[in-house]
Amino acid sequence: MPAQASAPLQAPSVASPEAQETGAAPAKGKPVDAAGAEHASPQQKSWLVRHFSLLLRRDRQAQKAGQLFSGLLALNVVFLGGAFICSMIFNNVAVTLGDVWILLAALKALSLLWLLYFAARTTRHPHAVLYHDPHAGPIWVRGSLVLFGSCTICLNVFRVGYDVSHIHCKSQLELIFPVIEIIFIGVQTWVLWKHCKDCVQVRTNLTRCGLMLTLATDLLLWVLAVTNDSMHREIKAELNALMENFSGNDTNTCLCLNATVCEVFQKGYLMLYPFSTEYCLLCCAVLFVMWKNVGRRLAPHTGTHPGTPPFHLHGAIFGPLLGLLALVAGVCIFVLFQIEASGPTIARQYFTLYYAFYVAVLPAMSLACLAGTAIHGLEERELDTLKNPTRSLDVVLLMGAALGQMGIAYFSIVAIVATSPHELLNRLILAYSLLLILQHIVQNLFIIEGLHRRPLWETAPEGPAGKREAEPPRRGSLLELGQDLRRASLAYIHSYSHLNWKRRALKEISLFLILCNITLWMMPAFGIHPEFENGLEQDFYGYQTWFTIVNFGLPLGVFYRMHSVGGLVEVYLEA
């Protein structure tokens, strides 16, 4: 009879680890109730099982309802803002850029108020943050937030300076919008840096709605940055007006009072423009992870990050050496191209040099990714099938961000094939576009395969029966403790000194790809944009269409390289 009565009493503890990790009710708990119902009396199962399962079911229903409502809020805000932006593009008389700025200023003000409330009140509640997601907000993500946020603030400072230098022919109201954006970006960067790992447990519905409102605001800022070329057109018109003045023709174009100061503002704005769109994308990713973690309860053993080994080379030579060669060559080409781009025109040999560098590097990266994917297939490591929202988002971001450069490549292929594919430069651009598509595909396969492998440091030691030892460590004598430490140290030394050829090859490949992706991130991120300058695609598609295509693809491409570096570092550490 005691064995029969123990079944219903143990039913709540069966579902607790999964329920704690996901914050959801164990909907699969009915077989336990049915098994206990065969022998247990109704009095024994009436309160514990029913009340526990009812509370968990209500908790999961409330969580789903809150996610649905906040998601619908964000969707409506995005549709409203998208309608304003599209109306400005197709009918800029009825809906002007100023109207879009007013709407975005209102959204930024609401998001700013919620961010301040979240930091000052919600997170200071005694039971607000009981758990932290160890996989959310790695240091490279938070560092990128600070870097891109600082560059976006500098961009708005340059914009304010440009407007002030043209204050005699511009409205003073235009100075308010960059100032609001500076305050919004500063507060948002600080809040995301400090609270990106939090799993908030109080005021969950308000927190979800605030996160989705802020995410929708960042997404609309990105859409406006992608489609709005008004500043670029102003700079181009001013340069044309200066040329007309030098030639003796009069013009009524609004000109800068101090040409040197204006040139500094123009160059700074154009160079930092990709960082603004990059920052918006990164904030959307971090806010989405925070939204998924609202109300999430982690099991005690997952509350802290596992003992990740430090970043060491482990005798890797060829990967860092080849990667450094690619990095030095990329820096040299970047400097040469930037010096040439400071002049009125860019000679064709510099475009040839730029695309020839890519045609040399991309095949080497593709071969390395194919070799790494084949080695992953030969490994004995198990696949990590546990639910991980951060890793799932990493995979989605890798696949989604790859569409940016791949889209530009496909448009370039069509333009080249339809016009003049026999010229040397056009052949290089065609080869570059095809190799870029291939490299994105095989690199995604390599990184995703590596992220789904179980890290070696998380593999539990096996007992004599082949089963993993899961019992808690018992308290023993000082001699036993010393023996355990010595055994663990010998196992660690054996694991990392006896690197087989598969693990060593994976580390070499990962280091080579990390340095190459840093090189390919640096070149478009800091102002080198041959897609704008070569003129081929712009003449084929038109200025407005090609501006939108490139502004959509380039930030995604920069984000893809940066995100790939983070994924490759994890693959290297887990090898």
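Backbone N, Cα and C define each Cβ position, glycine as well.
Record features, source TrEMBL:
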COMPBIAS  1-17  compositional bias 'Low complexity'
REGION    1-42  region 'Disordered'
TRANSMEM  68-94  transmembrane segment
TRANSMEM  100-119  transmembrane segment
TRANSMEM  139-160  transmembrane segment
TRANSMEM  175-193  transmembrane segment
TRANSMEM  271-291  transmembrane segment
TRANSMEM  311-339  transmembrane segment
TRANSMEM  351-375  transmembrane segment
TRANSMEM  395-417  transmembrane segment
TRANSMEM  509-528  transmembrane segment
TRANSMEM  540-560  transmembrane segment
Residues sitting near the transmembrane segment (100-119): Cβ under 8 Å, six or more positions beyond its termini, same chain?
77, 80-81, 84-85, 88, 176-177, 180-181, 183-184, 187-188, 190-191, 194-195, 207, 210, 213-214, 216-217, 220-221, 224
Do any residues, 6 or more residues outside the transmembrane segment (139-160), come within under 8 Å Cβ-to-Cβ of it, and if so which ones?
175, 178-179, 181-182, 185-186, 188-189, 192-193, 196, 231, 265, 268-269, 272-273, 275-276, 278-279, 282-283, 285-286, 562, 565-566, 569
Selection from 68-94, 271-291, 509-528, 540-560, the stretch that has most Cβ pairs under 8 A to the transmembrane segment (351-375):
509-528
